[in-house]
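Here is what TrEMBL says about this protein:
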{"type": "BINDING", "residues": "Gly96, Val97, Thr98, Asn99, Ser100, Gly101, Lys102, Thr103", "note": "ATP binding site"}
{"type": "COMPBIAS", "residues": "408-424", "note": "compositional bias 'Basic residues'"}
{"type": "DOMAIN", "residues": "7-347", "note": "domain 'Kinesin motor'"}
{"type": "REGION", "residues": "369-445", "note": "region 'Disordered'"}
Amino acid sequence: MDTSTNKVQIVIRLRPLEAATNETEPDCFRVLSDVSLLAQPPKTSQSYRSTGTATSFHFSRIFRQETQQTELFEATTRPVLDAAFDGKSGLVFAYGVTNSGKTYTISGSSEAPGVLPQSLQYVMDELPKRKDGDKQQVTKVTATYLEIYNENVYDLLSPALRKRRALRVQDCDGKIQVRGAVEKPIKTLEEGLELLEMGRRHKQMAETNCNSDSSRSHCVFTLHLYHQVSRFSSELRSKVSIVDLAGSERGSKSGATGLRMQEASKINGSLMNLMRCLETLRWNQQHPPSLQKMVPFRESKLARIFQENLVGNDHGPLVMIVAVNPSSHEFDETLRTLKYSAVARELVRTRTSIPRKAAPTATFYDLDGRLKKRKRQSTEAQARQVSKAPVDRGQPATTTTASSPPRPKAKHRRSDSARRRHRSLAGSVVKPPTAEVATSPMESQREVTERNLHWVCMVWYGWLSMVMLIKLFMHPGQTRTGERGTPTAARTD
């Protein structure tokens, strides 16, 4: 499978049928080759009653039911991690209906670990090897673990005693960040596995008719790799997100009511919005700019987090693992999943106009170079002022005329310029040496104008008050008549 292109790589993984129904189940999904799949609707499905025809699909890779976890990791996730060591961010996520094997593919079991534990082991094993002779040396590895539950983002690595609070997803110069997420350093494989266990205890799980241990949220585990490009530059950060999406389900089959129904509604809504984003991106690539549509990334937190990998500037590999349950009872939902996946396979990601920026971690050499640059700018500004100063032709350049003010001594000039330069460096703003002198006449003129306006208003207010008092004493009857409509003298007891 080629993960070097800008296309979304779609792989299919068929889960084995249960032993009790293996002999009686019809062959609904037939693997024609490593990239072709044929979906034949059973007689009990809605697709058979509507069309009754088989549908063929072509994907990047199809893994059969006997595929081992190690083989799946080597073909899908290892190339994404290799690209992250080279400085490119990537994404791997599992998508499918409920009870199709997504969580087993991502997390696995103690005997057969999934792609996420294998990724931690691979990164820890490769980290010492990459330090020698690597152009972009990885200095440290950190991890975040997030949960999207009922369209709210929560941190699975926050302390258990702390009250759960929703985190904010924001855009910082084209980089999607979750504000307040805890970023834990990982130095050994045991530390990474402890983070996975902590997140497993905190995430939302429930039992439904379709799955006895169903995930009620989307879980996003992200590895951050910090690179030291050279001795004099700042660190760059690449990341790999491994996502276990909650399964889409129908309320009539899952038997969900109350809170479980609300959870299923949020899950289906976020998955539908993600597929709608993929369809809109594909539409925009096939049509001219005048017919472009707005991609609805902001309508769900899941699509918002995926936005950087779909249209961002870091075009690392993007792998979508579609888990397929070959059971005839799930044929209609699985067929719909395959159709959405076929649309995503045609998507070609394009670069945005936002350039890649380094992380805001300055080194000593950056600060030293910045200080020298500002010192040079200050010296050049002083030289320009000296060259522009008026000088009489009949006298030496050091003498002053009667019309020009006396210049300060050289010692005082140096101390004043040093003080101004120190003040500008402290505020990270380069200020010209004559900034205060140039703005003082404007400030004094503004103060005079405000003072004059204040006195004019006071005089006008006093004159108006005097006129009202004179009118009140000269015509008292008219004033009281206007209030009630009847003169006071006309009232009788």
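Any Cβ shown, glycine's included, is placed from N, Cα and C.
A TrEMBL annotation is a machine prediction, not a hand-curated record.
Positions of the features from TrEMBL, shown on the structure.
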residue : record           : CB count, 10 Å
Gly96   : ATP binding site : 27
Val97   : ATP binding site : 24
Thr98   : ATP binding site : 24
Asn99   : ATP binding site : 23
Ser100  : ATP binding site : 28
Gly101  : ATP binding site : 20
Lys102  : ATP binding site : 26
Thr103  : ATP binding site : 22
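Regional average pLDDT for the domain 'Kinesin motor' (7-347) in the model is 87. For the recorded site, Thr98 (ATP binding site), the DSSP three-state label reads coil.
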